[in-house]
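Structure first, then comments.
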2 protein chains.
Amino acid sequence: MKIGIIGLGTVGEGVLKVLTNEKESIFEKSRADIKVKYACDLNINRDFSFDFDKSILINDYKKILNDPEIKIVVELIGGETIAKQIIIEAFEAKKSVVTANKALIAKYGVELFQRAKQNGVSFLFEAAVGGGIPIVTPLMESLVANTVTEIRGIMNGTSNYILTKMKEDNLSFDEALKIASEKGYAEADPTYDVDGIDAGHKINILASLAYGGSIKFKDMQLSGIREISTVDIFSANQLNSTIKLIASSKLLSDKSVQISVEPTLIPNSEILAKVDDVYNAIETTGSYTDKTLFYGKGAGMDPTASAVVADIVKIVTRNHIESDYFFNSTKVFEIVDSNTVKDSYYIRVSDDFDIENSPFELINQIENYYIILANNISKNEINEILKDAKERLILRVMK
Amino acid sequence: MKIGIIGLGTVGEGVLKVLTNEKESIFEKSRADIKVKYACDLNINRDFSFDFDKSILINDYKKILNDPEIKIVVELIGGETIAKQIIIEAFEAKKSVVTANKALIAKYGVELFQRAKQNGVSFLFEAAVGGGIPIVTPLMESLVANTVTEIRGIMNGTSNYILTKMKEDNLSFDEALKIASEKGYAEADPTYDVDGIDAGHKINILASLAYGGSIKFKDMQLSGIREISTVDIFSANQLNSTIKLIASSKLLSDKSVQISVEPTLIPNSEILAKVDDVYNAIETTGSYTDKTLFYGKGAGMDPTASAVVADIVKIVTRNHIESDYFFNSTKVFEIVDSNTVKDSYYIRVSDDFDIENSPFELINQIENYYIILANNISKNEINEILKDAKERLILRVMK
């Protein structure tokens with residue numbers, strides 16, 4: 001199936017890269033044969049980080065919309081005016097659309113879905129929420145049996161990075177924002193990220209998917225993290241809690257929801273309190289599944305491209321994947337003996353073991369046992385050294 | 001589409017309950033019209049926890065296999081001999097099969113997939129790994145662009161419950177196992193759960209899906225948690241780590257994998273260390289997404305039934321979901337004003353505030369601020385009380 005990509009910014013370039021480098025692997029797994037016929041951007045005379053057939057580059061998106069061979073338009077220019085127009089024109093040309101444009105869906109989701117349906121085409125947007133984290137498809141399809149009443153999570157990586165830095169390095173908001181900008185995590189104007197607008201778009205989309213119907217974005221209450229000070233971070237810590245920018249939505253009745261984005265104190269015992277740096281995590285509460293949490297990289301070229309490509313494959317296969325790739329007998333893997341792999345190990349050995357004349361360093365002595373931590377050694381080697389000890393336990397240590 | 005359920009144990013009863021109680025909601029979301037024509041069990045003269053048309057109950061599964069109207073067979077009897085035979089007979093009768101039978105897939109996945117393909121039918125098993133956590137579909141479809149090299153996680157709820165109890169209540173393995181049995185989390189013979197066999201089935205399935213090809217279950221190295229003592233739990237804690245039964249798999253080359261189930265020390269900074277009680281969590285490392293983690297209830301009637309039903313819907317729709325349910329304008333939710341909702345709040349207020357004559361209790365005084373925790377109060381009410389203070393910040397506290 002032939003597709004056209006419109007917009008070669010970070011995500012667009014990522015999608016072109018994945019579809020170029022993984023063409024065969026994607027076909028092997030899904031039987032989806034995806035060919036990028038055009039990749040459109042205003043600036044096409046620039047360097048790219050990978051090799052591909054440059055003849056697909058064009059700067060007039062109309063060429064994609066007017067080509068009857070193109071079945072899927074991948075809209076990745078962002079913004080709300082031209083992007084919206086392109087998507088509507090694509091629908092009218094009977095082309096399916098894949099996008100990562102969260103603002104557009106949060107604000108014009110109802111209209112866009114309606115137009116896609118009128119034209120009998122698909123409109124998919126896994127990448128709009130949670131970047132590389134599968135959440136839109138799991139919410140719509142895997143949790144289909146459930147009434148999902150509550151959704152809450154950390155949906156903006158930039159603000160989460162700033163809050164993490166403030167806590168870990170005892171920085172003010174302005175100092176942490178400066179580091180985020182230097183690292184490329186914050187834009188020149190960080191308003192969308194730090195004032196809760198980006199997270200607002202995302203929770204709007206998820207809530208609309210969970211509850212059906214729609215929620216007016218402009219009526220949502222959004223607040224950000226600019227007011228958080230080191231005093232608050234310190235006080236939260238004293239309360240065994242961590243401050244996170246939480247987007248949340250709760251179905252209150254058939255007709256009403258509580259939905260907001262606001263900095264929130266989370267008890268450190270909750271997994272959400274452990275979600276640091278640019279990572280995102282989204283927790284859904286379903287009537288049958290109870291709590292399910294999805295965690296991963298919420299932004300960036302590669303993770304977001306991964307989600308866009310999953311949507312393209314979905315439209316191409318119009319089906320669940322049933323290729324020869326999974327569970328076949330042509331490729332039976334050899335299993336490497338774990339006991340020969342060098343790793344870090346925790347050792348508990350009875351104190352008849354002659355630790356003085358061993359290569360091991362004692363960490364602790366409890367009851368009649370020595371406790372040892374050993375690095376860069378295999379289980380077989382440890383067992384050989386401990387072979388005369390009365391009792392021993394060896395546990396791998398995860399790095 | 002008409003389906004037959006074979007096996008009305010915990011999961012089978014759950015699936016029948018979900019398909020009975022959620023019939024309309026599932027249709028509204030997915031346009032999948034699912035009718036249970038037969039539900040088969042050896043013991044059908046018993047009480048059920050919900051109402052349904054008892055005339056669908058039968059005790060001869062052949063009736064399901066011989067009925068040309070039945071398009072999907074839901075195999076939930078478990079075990080490896082009769083279950084395998086029923087699945088093969090269903091395939092030969094050109095019926096798709098949905099199952100939660102992890103042992104069967106881990107051991108006979110290659111053969112079963114081949115037979116499904118030969119007969120042109122589907123074979124789905126989301127519920128076999130992670131119970132209610134969407135992991136099989138996300139791994140096969142959402143991460144299709146990625147080479148997933150590493151998978152690791154907590155895949156057995158019983159052993160995780162035992163390890164959690166041992167740590168939290170300073171119990172021995174035997175004491176914790178006894179509590180798990182009393183709570184219904186451990187079977188009379190707990191071997192499958194505590195010796196790593198159940199987790200072994202699951203990591204075998206996930207690795208085969210991630211790498212393609214197949215991995216011989218009988219060659220896998222499995223160890224369990226029987227040998228873990230309170231000394232180890234204590235020592236791990238001193239090392240800022242937690243002992244978890246980790247199932248893991250790593251692609252080493254085109255042809256070889258390292259795959260095992262073993263108790264492992266995990267640094268407390270890792271999210272996996274926070275996964276307690278009967279919860280499961282599975283972390284995948286993809287070439288584009290990097291780490292993605294899926295967390296939720298790994299077992300139980302309702303979560304597992306949710307996963308089985310998602311597979312049934314998948315086969316019925318043979319497509320991604322494109323119903324009128326999502327983003328429609330017929331149901332626009334009213335957004336409740338968060339400021340009127342009673343909740344718990346963290347308050348930082350400048351010390352010109354007259355705290356003595358307020359209803360608030362002081363938690364701390366830092367720089368020129370009072371720190372306050374207030375319960376069962378709305379933001380509007382707090383703002384009214386603080387209205388004369390020079391400066392204030394109010395943050396919601398998550399429960």
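The chain as shown is numbered from 1 upward.
Even glycines carry a Cβ here, placed using N, Cα and C.
As annotated by TrEMBL, active site, proton donor applies to B:Lys202. According to TrEMBL, the feature NADPH binding site maps to B:Lys102. What TrEMBL records for B:Glu187 is L-homoserine binding site. Under the heading domain 'Aspartate/homoserine dehydrogenase NAD-binding', TrEMBL lists B:7-126. Annotation source TrEMBL lists domain 'Homoserine dehydrogenase catalytic' at B:134-313.
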Averaged pLDDT, computed only over the residues in the domain 'Aspartate/homoserine dehydrogenase NAD-binding' (B:7-126): 96
Proximal but sequence-remote residues of the same chain as B:Glu187 (L-homoserine binding site) (Cβ under 8 Å, at least 6 apart): B:Ser181, B:Asp193
Cβ neighbour count within 10 Å of the residue listed as 'NADPH binding site': 24
Residues satisfying Cβ distance under 8 Å from B:Lys202 (active site, proton donor), sequence separation of at least 6: B:Lys102, B:Ala106, B:Ala128, B:Val129, B:Gly130, B:Met155, B:Asn156, B:Ala247
The domain 'Aspartate/homoserine dehydrogenase NAD-binding' (B:7-126) - residue tally per DSSP class, helix then strand then coil: 56 helix, 20 strand, 44 coil
Secondary structure of B:Glu187 (L-homoserine binding site) (DSSP, helix/strand/coil): coil
